[in-house]
C-alpha cells in the first residue's frame, strides 16, 4: 500500500486543497464557468446547467418547466436550486454546492479503496493485492483530475449522479445493502442508465453481507433488496408528480434518452448516426443501440462473478462510451475507479497507447468543434471523427483492464503460467 500514513491533517489538506483550487478558479476566472457550461464535452441536453436555469425560471413563475422542450432533467433539481440565491447575482452558493458534491464523491471513493474489495473479494483474492494505493491517493486522483475539475466548473448536474453511484458502491462494500439500493435509486432517478448497474451491485452487496445478517441464497437476497429500488423510485416519481403537477416529466426526462429526440452534438456515438438515419429505420436502430448498451450487464456479471466491483467498473467505462448523452463527467468517474486496480497494472498491455489516444482526443476535440461551429472551415465529420478516437481510447482502456483482471484470475488458477506470454486463438 502506497501513499504514506494518512493523518487527519493530510486528509483535511487534501479536501481543503481541492476546494480552494475550485473556488479560486471560480473567483479569479469568473467568465470560465459560463464558457465551460456551454461546451458540448461537459454539458449535454440532460445535464446542462443552462437548461437547468431555464427550467428553474419557468418553475419559479408557475409555468411547467418542461414547456418548450428545453429542460430534460429530474424535477427534484428544481426545488433544490430554488433554495439557493440566484446563480447570476450570487453564484458563490452554487459554486459551494458543486464543490461539496465533489468532496462527497471523493469521500465515497476513499471508502471503496480502503475496503480492499478491488484486490480481495469474497470469492477471489488476487496474489498481487498488496500492491495498491490507499484511499488518500485514489481520492486525490479523482479530485485533481482535469475532467473532474472541468465538470465541476461547468456545473453539470451529472456530478449528482456520480456522487450517488459512488455512494451506492461505498455502501455496498461497507455491508449496508439497503443504503446501497437507496443510493442507486437516486442515481437511476437522476440519469436512468445507473439502473443497469443493479445486477452487479446486488451481487456485491450479497458478497459483502455482515455475518450476523448473512443470507445464504443469492436469489432470496435479490428478491429482498430489488424491491427497495423499485419502491424508492416510485416514491421519487410521486414526489416529482407533486412538484410538477403532471406526469409530463417522464417523457421529457427519460423519454428523451430513450428516443434521442434531442440531437445536440456531444462526445458520444449516437447523435451523428441518428442525424443521418432515415426515419423509417430510426425505431429499429434505437432498439439496437439500447440493446447493445444493456447486453454487457448480464455477460460481465456472469463471467466475472467473483469480482462484482470489477463488473461495476467496466460497466461505468462502457456507459461512458455508449450511452446516449455521454460527457467527460462519465469518463472522470470511470477513470476514478481504474486506479483501484493498480495491482493489475503490470498486466495491462497498451497503457501508453491508451494515454496517448485519450490525450490526443482531449486536445483536438475542442479544436475540431471550433473549426466546425465557429470557423466554418470544417463540418460535422471533423468533430464526429475525433469523438470516435475518444471512444476508441476508452474502449482500449476497458478491454485492457478486463484482460488484466482475467489474466490475474487465470494465473491464480494456473500459477505455472505466471509471467508467460499468452496468445489469443
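Glycine is no exception: its Cβ is also placed from the backbone N, Cα and C atoms.
As recorded in TrEMBL:
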type     : residues : note
TRANSMEM : 12-29    : transmembrane segment
TRANSMEM : 95-113   : transmembrane segment
TRANSMEM : 133-152  : transmembrane segment
TRANSMEM : 186-206  : transmembrane segment
TRANSMEM : 218-243  : transmembrane segment
TRANSMEM : 269-297  : transmembrane segment
TRANSMEM : 309-328  : transmembrane segment
TRANSMEM : 348-370  : transmembrane segment
TRANSMEM : 382-406  : transmembrane segment
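As a quick check, the transmembrane segment (12-29) and the transmembrane segment (382-406) miss the bar of 3 or more Cβ pairs under 8 A, pairs 6 or more apart, so the two do not touch. Most Cβ pairs within less than 8 Å of the transmembrane segment (382-406), among stretches 186-206, 269-297, 348-370, belong to 348-370.
The stretch in closest packing with the transmembrane segment (186-206), judged by the count of Cβ pairs under 8 Å and taken from 95-113, 218-243, 269-297, 309-328, 348-370, is 218-243.
Tertiary proximity for the transmembrane segment (269-297) is limited to same-chain residues at least six positions away from its ends with a CB under 8 Å from its CB atoms, namely 193, 196-197, 199-200, 258-260, 263, 314-315, 318-319, 321-325, 380, 384, 387-388, 391.
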